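What TrEMBL annotates here:
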| type | residues | note |
| --- | --- | --- |
| TRANSMEM | 21-49 | transmembrane segment |
| DOMAIN | 25-467 | domain 'Major facilitator superfamily (MFS) profile' |
| TRANSMEM | 69-91 | transmembrane segment |
| TRANSMEM | 157-178 | transmembrane segment |
| TRANSMEM | 184-203 | transmembrane segment |
| TRANSMEM | 280-299 | transmembrane segment |
| TRANSMEM | 319-337 | transmembrane segment |
| TRANSMEM | 344-368 | transmembrane segment |
| TRANSMEM | 374-400 | transmembrane segment |
| TRANSMEM | 412-433 | transmembrane segment |
| TRANSMEM | 445-463 | transmembrane segment |
Amino acid sequence: MTNLKKEMESNINYEYSFKSIFAQSLALAGPCFIQIGIGIELTCSTIIIGALANDKNNSGLQPLTDEQASWFGSLLFLFTPLGSALSSLTLGWFGHKTCMIITNIPFIASQIIFFYANSVETLYACSMLMGLSVGYSGGPSSAYIGEVCEPKLRGTLMSATNVFYYVGSLLFTLIYAITLEWRLTVLIGMSIPIATVALLFMTPQSPMWLLTKGESLKAQRTLAKLRGWPSQETCASKEFREMIAYTSSVIHDNDDIETDQNDETSSWGQLLQPEVYRPFRLLLVYIFFANLLSGIQYGPYLVSVFNEFGAPVNIEFTLAFSVFLSTIGGIMTIFLISKLGKRFLTFSTLSICSICYILIGVIGVYWTNSKPTTSWLVLILFLTTTFASSLGIMPIAWVLLTEIFPMKSRNITCSVGASMGYLISFFMIKYYLELSNFVNFYNTFTLFGISGLVGTVYFYFYLPETENKTLQEISEFFK
């Protein structure tokens, strides 16, 4: 095992020039714009629920009841598994590039319908369409990023891609803060998926996917393009040969599937193998705590949350400022993840979020005689968790999604993993209001904060360090 580790580590740096970084960054332009779109889609419910709560901005629609708001805010996450299932069925046939293009179709349709929406049922339909779009994009974009990036750049570039999710949310909230018209905001936001489609038509296919289709010459040319056209010897003798060896098992498994549909090495059957179900279990636990401590359950109701805090601030610009903090945190992750590693960032940011949540709960329940001071204090603590979660646990969750699964099952596990993550989000958002009414608004923060400390202990024992490791080496860890 030690010799294998040394051998893998010796293959991590392929001695490419700066052109390689530039070429890989260009290839990720399409996935970056997909993340901008996801940021817009996941922010739509926050903007619209808050706007409809204001009689001056209802635009013909009545303010939503708690039940209607919970459905509208959570339906997107309920339909992401369906989108993920569709992508897992089509990804092997169409490839990453085509699937990433397809994901923009329901996105564009939802924004058009939003603009003309005149009933709650129409809002539900738009949320479902966005769920299909977000779910369909998860597997193709995550797998694509994991396959086209060098091991030493994978974590950094994936973190950089995740920043664009926050950029999308920031742009959307700023547009609304300026216009105060949610219909105009969604109309302007529709330009993003249109631009995404244009970029994706210029995006190369994944070399690994081309190898699984037997197109080795095209795969080698594509890899050379992604690495800034290095010398033939550098590209072929090192990374490309390793890529061939890594994908050969996939081609072999596909041949087995054609002869025996019940073979245990089929794509779904591999979910039962240790190197697949162990990282899958870790991923689900990680996403649960990342969502819980990043405040995903508060997302659609942020306007009412800020109102509950009671600080004398402009709600629309406070919402935009919270997204701005997330963007800064995501940018810092790009530079810190390779230096500090994913384990340290996970422990530190999860602990900070947990402690801040507990403090919010304690202050809100027991320190009620100094309202102006406590209003500002709980708001600052909440914004601190927004920054900290975007610095560590949230982007790392999606980086892990691209890294910890073996190639032979990655298409399905990335899609299923992403869909399960969004399904967790659905339950958190749908039933948050009921939990809040049952235990009190501030007690939810205490409950979530204590849970986060439990998660920190769990990750100390079970979360491996994957930074600067090859995909093969990470796969070996879970066997």
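Any Cβ shown, glycine's included, is placed from N, Cα and C.
Within the chain carrying the transmembrane segment (445-463), a Cβ under 8 angstroms from the stretch's Cβ atoms is held by residues 282, 285-286, 288-289, 292-293, 297, 342-343, 346-347, 350-351, 353-362, 364-365, 439, all 6 or more beyond its ends.
By the Cβ criterion (under 8 Å, sequence separation of 6 or more), the transmembrane segment (280-299) is not in contact with the transmembrane segment (157-178), since fewer than 3 such pairs are found. With a cut-off of 8 Å between Cβ atoms, the residues of this chain six or more beyond the transmembrane segment (21-49) that come close are 64, 69, 72-73, 76, 97, 100, 103-104, 107, 110, 114, 123, 126-127, 130, 133-134, 137, 141, 144-145, 148-150, 153, 157, 160-173, 176, 182, 185-186, 189, 192-193, 195-196, 199-200, 202-204, 225-228, 299-303, 319, 323. When each of the listed stretches 69-91, 157-178, 319-337, 344-368, 374-400 is scored by C-beta pairs under 8 angstroms to the transmembrane segment (412-433), 69-91 comes out highest. Taking Cβ pairs closer than 8 Å, the transmembrane segment (374-400) reaches residues 142, 154-155, 158-159, 162-163, 166, 279, 282-283, 286-287, 289-290, 293-295, 305-306, 309-313, 318, 321-322, 325-330, 332-333, 336-337, 342, 345-346, 348-350, 352-353, 356-357, 359-360, 363-364, 367-368, 421, 466 in its own chain, all 6 or more past its ends. In the predicted structure, the domain 'Major facilitator superfamily (MFS) profile' (25-467) carries a mean pLDDT of 85.
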